[in-house]
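Student: Take this structure, written in structure tokens, and hold onto it; I'll ask about it next.
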Amino acid sequence: MWRNLIRNTLFALILVGLLLIGVKQFNSNGLNDTSNSKSNKEINQNLVSSRMTYGRFLEYLEMGWVKQVDLYDNSRNAIVEASSPELGNRPQIIRVEIPVGASQLISKLKEYNIDFDAHPVENKNFLITLASNILLPILFVGGLFYFFQNSENANSSPMSLGKSTARFERRPDTGVGFNDIAGIDEAKAEFEEIVSFLKQPDKYTIVGAKIPKGILLVGPPGTGKTLLAKAIANEADVPFFSVAGSEFVEMFIGIGAARVRDLFKKASENAPCIVFIDEIDAVGRERGAGVGGGNDEREQTLNQLLTEMDGFKENKGVIVVGATNRADILDSALLRPGRFDRQVTVNLPDRLGRIGILKVHARNKPIGNDVSLVQLANRTPGFSGADLANLLNEAAILATRYKKSAITKNEVNEAADRIIGGIEGTSMDDTKNKRLIAYHEVGHAITGSVLKSHDEVEKITITPRGVAKGLTWFTPEEDQSLLSRSELLARIITTLGGRAAEQVIFGDPEVTTGASNDLQQVTNLARQMVTRFGMSNIGPLALEDENSGQVFLGGGMVQGTEYAENIADRIDEQVCKIINYCEQKAIEIILDNRVIIDLVVEKLLDVETIDGAEFRTLLSTYTILPEKNAPYISKFS
Ligand code: ADP
Ligand code: ZN
């Protein structure tokens, strides 16, 4: 009783102190943090980070499985909390990329009565600055009341704020071993030595061998970084701490740092062990970068992390594994020797990798004889390990729904279609719109087929899926890390082919908004050709890096001024030139092949879906005008 009173009084004093410092130091980042901190905490309670297509998300919405939605980056991304009976009602945290043009989303959310929050982009603007200076003191006082009220009955007393929120597993997730990881062999190999160190640390320390304290796993989401860290702990049979970087990013100065200290204290008590910090860029972002200058709280947290990593001079067996998909924005101090001195890149799996991963996830599922995992791997370039796991899982769910005893080709195909394109809707009535969409899709398919440098058609459909009213898929060549200029141009022409067909067949006034996504892709590609690949008259200059445009990330702001303004004009001019050229070509191809287009459209209106083989048979019965004698691309300069 007395202890509580003293504790709370002390806490009040500290808070008032913080308040004084805080009011002075708060900036626009702080404002964001207040709105983010709630969702961050909730998100990270379940480190699940799967992804879902927008179409699937709409289905979840309709089924009433969505609990809460947090919108980020001007509603381009959403973090969705949901639970579906299909997955045993366990809470899921899912990332959804919102397609441009999905403007009714907010009204939909309201309609279904879903709790949602839109989080502002970190944007230093005058109003926010003003608001933060006036509003924040009020927020702080409000915050005080909030904490005191909560501390009355909640079991989380204010004193536990500085405690680490890391989840601790004495024996990590039963059974995740190196055997359960496929497709990332190099990364696995890197870790074998670490496992043997963790098993017998003395053997190494006696001979003075230096074992890395920190390993940084760099790669896109869902490629198995968490899985790898768990597997090391499991193989070495040591405890596993896991925490997300964003859990250290807190509203009050000093709390993140206190959590870091606490985490490392617990870890060293349990050494040897693995400390896994997911999304380490949330704390480790380059200091002083980003919009609006530094964030003192984050800097303190980062400094604490650096100190802790320096702290264990000779490694007694605490190995820190960090994961990020953006190593380039990390503070360089983190990457210095003695800290994260080993970087392991985890890439999206290639074809063989995908076969391996599919095999791992097919192990405990009844798979029918007609399913070819090799074929499935061929069809899924760009899929991450998590996507593939998700695919087989969906297929299993479908098989259950259809009361089948094994997963057949049918379910696998349907699951793949869902994941690539979203959920199938009801087909449209035979209206002018349906006809227009058919022409649009066939426009893509025909331009793609005529161009030598383009991938083959995999499937054309006018059954609506997700937000798309129709879709044309191409089978990409195996893992296209190197694309030639003519391949890029072919891609732009083909992407414009849909709209070109609308234009040629229905005339300018009838062109619809349906191509907006196509146009966005085209603009992106053309811009990259100019600014990243040196494929324009401006010459071989890298004017932007891969991630520019994302100003909210560290370092992004500088990019805007990296080149002079007249270069910006020239970039725009070159981008327009490429796109205009490609549009001309697309229209030319549509005009040249009008007869076959009409025929394919009639067929498509009839059957709704044509697969690649059928499509090619159709083409072979008519002569289409190939580019072979009239090269559509090489003329461009
Ligand atoms: P990350 O941490 O890189 O975002 P995760 O390790 O959380 O990705 O992967 C999520 C899930 O996807 C895993 O639990 C696993 O089921 C599957 N997965 C991802 N990569 C692989 C892989 N290389 N081999 C097997 N399964 C994988
Ligand atoms: Zn299109």
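Any Cβ shown, glycine's included, is placed from N, Cα and C.
TrEMBL: automatically predicted annotations, no manual curation.
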Student: Record says H440, H444 bind Zn(2+). Source is TrEMBL. Which of D341, D350, D518 does it list for that same site?
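Tutor: Site partner of H440, H444 for Zn(2+), according to TrEMBL: D518.
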Student: By Cβ count within 10 Å, point out the most packed of the binding-site residues listed: G219, P220, P221, G224.
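Tutor: Result of the Cβ crowding comparison: G224.
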Student: Of P220, T223, G224, E441, listed as recorded positions, which ones have a Cβ less than 6 Å away from ligand 2?
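Tutor: Checked recorded positions vs ligand 2; nothing flagged, none.
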Student: If you take the centroid of the Cβ atoms of G219, P220, P221, G222, T223, G224, K225, T226, the listed ATP site, which other residues of that chain have their Cβ within 8 Å of it?
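Tutor: Apart from G219, P220, P221, G222, T223, G224, K225, T226, the close residues are L217, A323, N325, V346, S384, G385, A386.
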Student: Tell me which recorded positions (G224, H440, E441, D518) have a Cβ under 6 A from ligand 1; sequence order is fine.
Tutor: G224
Student: Measure from the Cα of G219 (ATP binding site) to the Cα of every one of the recorded positions H440, E441, D518, then give the nearest.
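Tutor: Of the recorded positions H440, E441, D518, D518 has its Cα closest to that of G219 (ATP binding site).
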Student: Please spell out the DSSP helix, strand and coil residue counts for the domain 'AAA+ ATPase' (211-350).
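Tutor: Within the domain 'AAA+ ATPase' (211-350) the tally stands at 58 helix, 29 strand, 53 coil.
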Student: Give me the non-local Cβ neighbours of H440 (Zn(2+) binding site): same chain, 6+ apart in sequence, Cβ-Cβ under 8 Å, ordered along the sequence.
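Tutor: Long-range Cβ contacts: G470, G498, R499, A501, E502, G514, A515.
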Student: Validating a neighbour-count step here. Other CB atoms within 10 A of the CB of G222 (ATP binding site): how many?
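Tutor: Neighbour count, Cβ to Cβ under the 10 Å cut-off: 22.
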Student: Once near-sequence residues are set aside, which residues in the chain of D518 (Zn(2+) binding site), 6 or more away, have Cβ atoms under 8 Å from its Cβ?
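Tutor: T495, L496, G498, R499 - these are the non-local Cβ neighbours of D518 (Zn(2+) binding site), listed in sequence order.
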